[in-house]
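Since the structure comes first, as C-alpha cells, the remarks are kept for the end.
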Amino acid sequence: CFAQILISLSYLISLSGSLSVSLNSVSAAILDDPMECSRGERLAITLAKDSINRSSNRSTTGKLEVDIFELLRDSEYETGETMCQIMSKGVVAVLGPSASPASNSIISNICGEKEVPYVKVAPEDILKVQFPRFTTLDLRPTNTDISMAVAGLLTFFNSSTSCLICAQADCLLNLEVLLRQFLISKETLSVRMLDDSQDPTPLLKEIRDDKTATIIVDANATMSHVILERASELGMLSVYYTYILTSLEFSLLRLDDLADQRVNIVGFSVFNRTHPFFQDFVLSLNRSWQENCDHAPFAGTPLSSALLFDAVHTVVAAVQELNRSQNVGATQLSCKSSKIWEHGTSLMNYLRMVELEGLTGHIEFNSKGQRSNYVLRIMQNSRDGLRQIGQWHSEQGLSMERKLPSLNVTDTLFNTTLTITTILENPYVMLRANHQELEGNERYEGFCVDMLKELADILKFKYRIRLVGDGVYGVSGTNGTWTGMVGELISRKADLAVAALTITAEREKVIDFSKPFMTLGISIMYRVHIGRRPGYFSFLDPFSPGVWLFMLLAYLAVSCVLFLVARLTPYEWYNPHPCLKGCCSLLINQYSLGNSFWFPVGGFMQQGSTIAPRALSTRCVSGVWWAFTLIIISSYTANLAAFLTVQRMEVPIESVDDLADQTAIEYGTMHGGSTMTFFQNSRYQTYQRMWNYMYSKQPSVFVKSTEEGIARVLNSNYAYLLESTMNEYYRQRNCNLTQIGGLLDTKGYGIGMPLGSVYRDEFDLAILKLQEENRLEILKRKWWDGGKCPKEEDHRAKGLGMENIGGIFVVLVCGLLVAIFMAVLEFVWMLRHTPGTELSVCEEMLRELQGIVLCQDSLQLRRRRGASVLRQQPLPLDERRARAAAASLSNGKLCTGTGLPEPLSHRLAQEAALVARGCSHIRICPECRRFQGIRVRPASPPSPTHSEESIEWEKGTNNSEHE
C-alpha cells in the first residue's frame, strides 16, 4: 500500500518570560513516500524543526515537536478520519499533502469549516472553486503564472508553430491561459495527449513529420525524462529543436546522458541558491540518500521537500507575530460540532502578511492566498550543467539575460560535421570530370563548393556534401508538405542547404536563411534570331526595291527634262570660241543627249562634272536634282549604318510585356523553383496573366532543369524565365542565347538551414567577411568568366565584313570590266575605220599594250594615226615655211585660197590667221592655244629625210592637241 504521512507539529512558546503557551499539532503534511529513499520530505520537516529550535532569537524554553500520521494516498475516507483525530488534539495549521488531489480537497474543506489555516504544497486543483476557502494558502506557483511564463518564452523564441505534449488529462486546464493566448493570436499550437500506454514515440514521430521545432512538455520530471529519451532515439534532440518543460522540478532531470548536449532544453526553477541554508539542505539530503539508498533517486532537489521546509518557517513566523499581540492557544475541535478555532482568522491574516526569503525564493501572498511577488528562474542545459538564462517575475514578466540558443562557435560549430544538401546546377555545384575516381566532397566543384570551403576555414567546421534526393529546390504542396532541399531542412535530414537557393517569404516561414551571398533577379532567356544571311548586295537594303525603281525613273526624267530645257533655252547655245566673237556663226550646246544623262550622274554621286548650267531653267533643274540627291544620300547613309552595323538578331520581343501580350512564343520556368513561386504568388496583372498561361498551357511549359530549359530555347520557339546569374553564365558559353529586357525583380541567394538554427548568426558574419574581403566576387569571376562569347558590356562598333559590303566591290569590278570591254571595242572600231593601217588589229593591240607596260611617252609616233584629219602626211618644209610667213605677215588675218588640199585644213588655217597676238583667251581655249602654236612656231632647219619632218610635225600636232 502506497502510504502518505500526516505530520503533526508541537510548538511550545514562552511569552513574557513566565507565560508559556503549548501549541500542539501546529501543522500537518502528506508525503509521497514514507520510505527514506523518497523525495526527502520527512528530512525537510526534520531540518526545518532543527533550524527553528537552534534559532538564537527564540526562547530557550520552547522547542518544536513533530508527530507523523500515515495516510493511504487518495483515500478520502481515511483522510477524513485522520483529520478529525488531528482536530481533536488541537492544531494551529495543516501542511500538505504534496501529491494527492482527493486528500487536498477533504483537508481544505475540514480546515475551512474549523477555520484552521491550511498551507498547500501540492499543485493547483483541477476543478477550481469559484470562491476558495479563506483558510487555504498556495505556497506552490499557480498554473496561471506558469502559463504566462511559457507564453513569454514562446514570444522570445519567435515560435510561430509549437506543439504541446500532455501527459495527463488535466493538462488543458492547467495551461488554460496559454491556450487562450493562442486562440487570439496568429501563432499555431497543436496539442497531443499521451495514451494509456504512456509511450511518447508515436506522438514524437507525428511532431517530426509536422516540422514543428518548439515542443512544450507538460509532465512530471519522470515522464519528461522518458519523452526526451524517446526524442533522442528519433534524432529529435538537436540544435534545431527547443523543448520547454512546464514542470518546476527541472533540476531533477538527468540531462548528462542525452545524445546531443547542444539540444535546447528550457525549464523553470524556484530554488533560491543564495539562501544561507540551501547548501546545507542539499548536502543533508544527499547524505541521507547515500546512507539509506543504493543510489540517489533524483538528480537534484525535489521541490516538495523545499516547499515543506518553507511552509514550516512560514507558519512559525506567522504564529510568532500573532503571539506578540495576543495569546494564541490551540483548541481541541470536534468534527461533529460546529465549534471553530477562535484564533484561526487572526492567524490567516498574519499568514497573508508574512514576507521572508525561503529555499524557494521570496515568500509572499496576495489577498486570495496565492503566492505573489516571486521569481521563476529560466534554466537551460549546457555542457557544464544547468545555467540560468533569464527569469520570469510574477509582477514584471519575462527578463532574459542572454539570447537563446547560444551562438558561441566553440559550443556549436567547432569540429562539428554538418550535412550539406545541394543540387547539381552549373556553375554552383558540378561533378568533376573524373568524379567516378574520387570520393566524398572531392567529387564536386563549383562556386558553392569553393564558398563552402571558405566558410569552413573561417568557422572551423567539417561538412559532408549530399545531393538532394528528388533533385528540386523545394516547393510547397497542397497539403503543406515541402519537397527538395527545403523539405530536407524541415525534416532535419540536413544541417545546411548550400546551392542557388533563392530567399523567398514563403520559404522563410519554414526554414532560416543566412544573409544573401549573391544578388540577382528574374530574367528572360531567348535564342538569337538568325535572319537572312547578309548578301553581297546588302548595301541595297536601306531602300526598298520600290524606292530604287522610283530613283531610276527620277534619274531618267531629270535627264530628259534637262536635255529638253537646254535645247529650248537660247542661253545654252554659245560660241565655242570666244576669241572669234562676231566672226563665227557656229553655235554649240553642251547638253547633248550623252551629257544630259551624264550630268545627273555626277550630281548624284556628289562628284560634279565639267558641265556647268548657263541658263536659269537648266540651273533650276540642277538645283532641284541636287536637293533631291542630298536628301536621298543622307537617308541612305543613315539607313546603311543601321542595316550593316547591327549584326545581331531581330528579336520579336523586347520586354516582358511583349512576351505576355503574344502567344506565338511559348515561355515557362523550372518546376518547383523560386521563379515559379514568384509568378504563382504575384499580384501584378502582367505576371498573373503569364502565370495563368504557364499553368494552363498543354503540353506543359515547365522544365525539370535549367539544361532542359536551355535546350528547349535553342530547339524551339520558347523563352525561358530564370535567374539572371544563370542567364549570364549560359550566355557566356552559347552565343546563340541572349537576354530579353531587364530584371523582373530583385532577390538573393542564401544558405538555408532549419528553422531556429543556432548557426545562422555565425554564417551571417562569415558571409559578410567574405564580401568585405571581395572573395565572393573573385569566386564569381573564376566560374563565370572564360566563356567563348564576348561580353555584352562591350558596345564598341564592330567592323563591317565582306558579307556586308562585298556587293559594292562586285559593282566596281563589273564597271571596270565593262569599261575595258568598251575601250577594246573603241580601239577595234577605230582601226576598222582608219584607212592606210599597215598592221593588223592584234599587232596594233600588242604594240599598244607594250607601250602601256613600258610607260612610253604619250607623244610617241603612232603610224596608225596617219589617216586622220590632223594626222596626214606632213607638207614639204618649204611649203610649211611659206605658210608660216604668210600667217605672220597677215597679222592674224588669213586670206582665202591658201592652196590647202583638204577643206578642213583650209578652214583651220583661216581660223588660225584670225587669232589675235595678244588674245587673253589662249589659256582657257584649247582651239586658240592650238592655233597660236601654229602661228608662232619657229622655223627649224630642214631635215635630210622626209621621215624626220613627219616626226617633227606629228609631235607639234600632238603637243597642241595635248594642251
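Each position is counted from 1, following the chain as shown.
Cβ atoms here come from the backbone N, Cα and C positions, even for glycine.
Predicted automatically and left uncurated, TrEMBL annotations should be read as such.
According to TrEMBL:
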DOMAIN    417-786  domain 'Ionotropic glutamate receptor C-terminal'
DOMAIN    427-491  domain 'Ionotropic glutamate receptor L-glutamate and glycine-binding'
BINDING   Thr502, Arg507, Ser674, Thr675, Glu723  L-glutamate binding site
TRANSMEM  547-566  transmembrane segment
TRANSMEM  586-605  transmembrane segment
TRANSMEM  625-646  transmembrane segment
DISULFID  Cys735-Cys789  disulfide bond
TRANSMEM  805-831  transmembrane segment
REGION    935-963  region 'Disordered'
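TrEMBL feature annotations superimposed on the structure.
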residue: Thr502; record: L-glutamate binding site; DSSP class: strand
residue: Arg507; record: L-glutamate binding site; DSSP class: helix
residue: Ser674; record: L-glutamate binding site; DSSP class: helix
residue: Glu723; record: L-glutamate binding site; DSSP class: strand
residue: Cys735; record: disulfide bond; DSSP class: coil
residue: Cys789; record: disulfide bond; DSSP class: coil
| task | Let me know the largest Cα to Cα distance in Å among the L-glutamate-binding residues Thr502, Arg507, Ser674, Thr675, Glu723, as an integer. | result | 17
| said: Using the Cβ center of Thr502, Arg507, Ser674, Thr675, Glu723 as the L-glutamate site position, which other residues in that chain lie within 8 Å, going by their Cβ? | reply: Tyr473, Leu501, Ile503, Thr504, Gly673, Thr677, Phe678, Lys747
| Just the number: how many Å between the Cα atoms of Cys789 (disulfide bond) and Thr502 (L-glutamate binding site)? | 27
| query | Quick one: Cα separation, Glu723 (L-glutamate binding site) versus Cys735 (disulfide bond), in Å? | reply | 18
| request: Just jot down the residues in the same chain as Arg507 (L-glutamate binding site), at least 6 apart in sequence, with C-beta under 8 A of its C-beta; none if empty. | output: Gly474, Val486, Phe513, Ser674, Gly752
| query | How far is it from Thr675 (L-glutamate binding site) to Cys735 (disulfide bond), counting Cα to Cα, in Å? | reply | 24
| note | DSSP composition of the domain 'Ionotropic glutamate receptor L-glutamate and glycine-binding' (427-491), residue counts helix/strand/coil, works out to 27 helix, 13 strand, 25 coil
| Do you know the mean pLDDT across the domain 'Ionotropic glutamate receptor C-terminal' (417-786)? | 85
| Between Thr502 (L-glutamate binding site) and Cys735 (disulfide bond), what is the CA-CA distance rounded to a whole number of Å? | 27
